[in-house]
Amino acid sequence: MTFWSILRQRCWGLVLVVAGVCVITFIISHLIPGDPARLLAGDRASDAIVENIRQQLGLDQPLYVQFYRYVSDLFHGDLGTSIRTGRPVLEELRIFFPATLELAFGALLLALLIGIPLGILSAVWRNRWLDHLVRIMAITGISTPAFWLGLGVIVLFYGHLQILPGGGRLDDWLDPPTHVTGFYLLDALLEGNGEVFFNALQHLILPALTLAFVHLGIVARQIRSAMLEQLSEDYIRTARASGLPGWYIVLCYALPNALIPSITVLGLALGDLLYGAVLTETVFAWPGMGAWVVTSIQALDFPAVMGFAVVVSFAYVLVNLVVDLLYLWIDPRIGRGGGE
């Protein structure tokens, strides 16, 4: 298979996944008990007012008509209008998405900076105390609820030690940096505001660490497995026989080859972090898409919920597409193997 045929195949898969998410999200959102028009009008509103709001929102029409209108607007780049705020969903996502993306990138960076060295050491010291510790860490990370871990680190680092802030993106007395990218760290650097940069960095540490903990152990175990496979290859034995230092063999020979199969796991981790940010943002009062969609669900804001699902699923599939193409570029044998 050629590069373009694989790209075409993956793009079709992207379209099918996003279409499936649209259908499933639409069905589930309309199965949730409750009346958005009643919530918007208030408990004391008359039935006539509620019915008028329902007509304005198009909720009085059959479901297939509502779905057709939604898909038609989606093809024109319109995710609808939020029932709760009255603003376009796309406009609200542009406000909240950068905060979620900054948190996800921060968590991924922490997972890589800690997980890769742990995986290397775990492979080099196989079946020793560090190897067992990494295994326990991976199991604990997968089984620990994010909200429980988040509350725990807030109590420890903010409540008892008082060395890190417990929520938000900035202290209340600081003004956000001028909006350029929506990433406070990057915008503060572009503005040359060191005070805002370090304050935003302090606020990012706890939620990013909480979100990264689940994937930290997974990254470490993946690197360990790939490193063990590489360390048993003949070229490693040849390098050792030639008298090269052990650390040089591990870092310059085994590690680059071990990172190739790990690219897929790292790409999937970024997609998972976008979904996993929902609970983490709620716990840390992080003003991103997670906290926004939780409020939208409570208000039965169907357009906002469906817009969130479409954007996040599209980002998830797009990340996988980039990972597949990157993997193909690094190792062209995959494309040749797919065509045989």
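Every residue gets a Cβ built from N, Cα and C, even glycine.
Over the topological domain 'Periplasmic' (1-11), the average per-residue pLDDT in this prediction is 73. The topological domain 'Periplasmic' annotation in Swiss-Prot covers 1-11 (among others) and rests on sequence analysis.
Taken from Swiss-Prot, the feature transmembrane segment applies to 12-32 (among others).
Per Swiss-Prot, the feature topological domain 'Cytoplasmic' maps to 33-104 (among others).
According to Swiss-Prot, the feature domain 'ABC transmembrane type-1' maps to 97-327.
Residues or ranges marked as transmembrane segment by Swiss-Prot on the basis of sequence analysis: 105-125 (among others).
Summarised by DSSP class, the composition of the topological domain 'Periplasmic' (126-135) is 7 helix, 0 strand, 3 coil. The topological domain 'Periplasmic' annotation in Swiss-Prot covers 126-135 (among others).
Summarising the annotation, Swiss-Prot assigns transmembrane segment to 136-156 (among others) and lists sequence analysis as the type of evidence.
Residues or ranges marked as topological domain 'Cytoplasmic' by Swiss-Prot on the basis of sequence analysis: 157-199 (among others).
Here the transmembrane segment (200-220) has long-range neighbours at 102-104, 106-112, 114-116, 118-119, 122, 134, 137-142, 144, 146, 149-150, 153-154, 157-158, 164-171, 184-185, 188, 262, 265-266, 269, 272-273, 276-277, 280-281, 283-284, 286, meaning same-chain residues at least 6 beyond its ends whose C-beta is under 8 angstroms from one of its own. The transmembrane segment feature in Swiss-Prot is assigned to 200-220 (among others).
The topological domain 'Periplasmic' annotation in Swiss-Prot covers 221-246 (among others).
Among the features that Swiss-Prot reports, transmembrane segment is placed at 247-269 (among others), with the record citing sequence analysis.
Listed as Cβ neighbours of the topological domain 'Cytoplasmic' (270-279) (distance under 8 Å, sequence separation of 6 or more from its ends, same chain) are residues 100-101, 103-105, 107-108, 145-147, 150, 211-212, 214-215, 286, 288-290, 293-294, 312, 315-316, 319-320. The topological domain 'Cytoplasmic' annotation in Swiss-Prot covers 270-279 (among others).
According to Swiss-Prot, the transmembrane segment annotation covers 280-300 (among others), on the basis of sequence analysis.
Residues annotated as transmembrane segment in Swiss-Prot, with sequence analysis given as evidence: 302-322 (among others).
Annotation source Swiss-Prot lists topological domain 'Cytoplasmic' at 323-340 (among others).
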Task = Could you break down the residues of the topological domain 'Cytoplasmic' (270-279) into DSSP helix, strand and coil, giving a count for each?
result = 10 helix, 0 strand, 0 coil
Key: Leading contact stretch, 12-32, 247-269, 280-300 vs the transmembrane segment (136-156) - CB distance under 8 Å   = 280-300
Inquiry  = What does the DSSP secondary structure composition of the topological domain 'Periplasmic' (221-246) look like, as residue counts for helix, strand and coil?
reply    = 20 helix, 0 strand, 6 coil
